[in-house]
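Q: Pulled the feature table from Swiss-Prot, pasting it below:
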| type | residues | note |
| --- | --- | --- |
| TOPO_DOM | 1-36 | topological domain 'Extracellular' |
| CARBOHYD | 2 | N-linked glycosylation site |
| CARBOHYD | 15 | N-linked glycosylation site |
| TOPO_DOM | 97-110 | topological domain 'Extracellular' |
| TOPO_DOM | 174-202 | topological domain 'Extracellular' |
| TOPO_DOM | 275-286 | topological domain 'Extracellular' |
| MOD_RES | 296 | N6-(retinylidene)lysine |
| LIPID | 322 | S-palmitoyl cysteine |
| LIPID | 323 | S-palmitoyl cysteine |
| REGION | 330-348 | region 'Interaction with SAG' |
| MOD_RES | 336 | phosphothreonine |
| MOD_RES | 340 | phosphothreonine |
| MOD_RES | 342 | phosphothreonine |
């Protein structure tokens, strides 16, 4: 084995020389240089500085403007809540522990940090699935005369929390476990060991299939059908500039959604899957730490892609920030055209 396993940790460093120490008790500067831990802390600080204001502003602006409280925006707000979970439950902890060079909060703190970070990430992921299904049902119309209403939105939000808890809670009750990962300053699901005492192998397989592969398939299917439907509508109404514009906007949104989803989550999932399927292989702490950067950065991409590109929300945000004045001067008509509750071929 090229790593060192303890009762509640796995350090990706051989203890042949006797230098490995518990990541809950001692600085891990034998894994990486102190300046690298400082860089990790600086990155976490950047995510907090950017992630908290934009997600908090999303919630605040929606509360201030009644016209934003549409059914679909419930899901978008759920994304903001999920991102705030990641900011407060994960980023702040990692910032503090990185400054000390090890996970100073002990196994209990590791469980809490791992739970909240996983919960926030999974709420965001399943919110994207609900958004994809909503766009598919509204635009592609597999069910005629369907209108996405408040009850559907509430059910969608509840569904995201149920699925997120189904992923984040089991390690707290004996199915798998949370341990420090990468540079040992943040915690996540144990991909490093089989750990039969907690049936770790079955949980990791369950997590990859149910909480990554299936959501990815659903998202690709829904947006693939959406693009096809928009192209077909444009082909039948080639003289319609509005339809052609809608096609371009929806296509751009779809490309951004898929690309940033993959950027945020695929590297982390791919590395975790490699580590799990190559037990005992030689890899360094940076190997797992770098992909996690992309996953954590989703707290910034989500509000930018799913909310900031909406004209109505952007106008309301500017009005709130500028004390009732819209400095861009966009009129209400243009804002209304981009309402997320629309049932015609238009981007969310």
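Counting begins at 1 with the first residue displayed.
Quick reminder: no glycine exception, Cβ is built from N, Cα and C everywhere.
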Q: Looking only at the topological domain 'Extracellular' (97-110), what are its DSSP counts of helix, strand and coil residues?
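A: Split into helix, strand and coil, the topological domain 'Extracellular' (97-110) gives 9 helix, 0 strand, 5 coil.
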Q: Which three-state DSSP class does residue 2 (N-linked glycosylation site) fall into?
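A: Looking at the DSSP assignment, residue 2 (N-linked glycosylation site) belongs to neither helix nor strand, so coil.
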Q: To which of the recorded sites 322, 323 does the lowest count of other Cβ atoms within 10 Å belong?
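A: With the recorded sites 322, 323, fewest surrounding Cβ atoms within 10 Å: 323.
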Q: Far apart in sequence but close in space: which same-chain residues, 6 or more away, have a Cβ under 8 Å from residue 2 (N-linked glycosylation site)?
A: 12, 14, 280, 281, 282, 283
Q: Determine the Cβ neighbour count for the residue listed as 'N6-(retinylidene)lysine': the number of other Cβ atoms within 10 Å of its Cβ.
A: 24
Q: Need the DSSP three-state call for the residue listed as 'N6-(retinylidene)lysine' to compare against my parser.
A: helix
Q: Per DSSP, what is the helix/strand/coil residue tally across the topological domain 'Extracellular' (275-286)?
A: 5 helix, 0 strand, 7 coil
Q: For the topological domain 'Extracellular' (174-202), what does DSSP give as the number of helix, strand and coil residues?
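A: Secondary-structure breakdown of the topological domain 'Extracellular' (174-202): 6 helix, 8 strand, 15 coil.
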Q: If I restrict to non-local contacts, at least six residues apart, and a C-beta distance under 8 angstroms, what lies near residue 15 (N-linked glycosylation site) in its own chain?
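A: Non-local contacts for residue 15 (N-linked glycosylation site): 4.
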Q: By Cβ distance under 8 Å, which residues at least 6 away from the ends of the topological domain 'Extracellular' (1-36) in the same chain are close to it?
A: 100-104, 106-107, 110, 177, 179-180, 183-185, 190, 192-193, 280-288
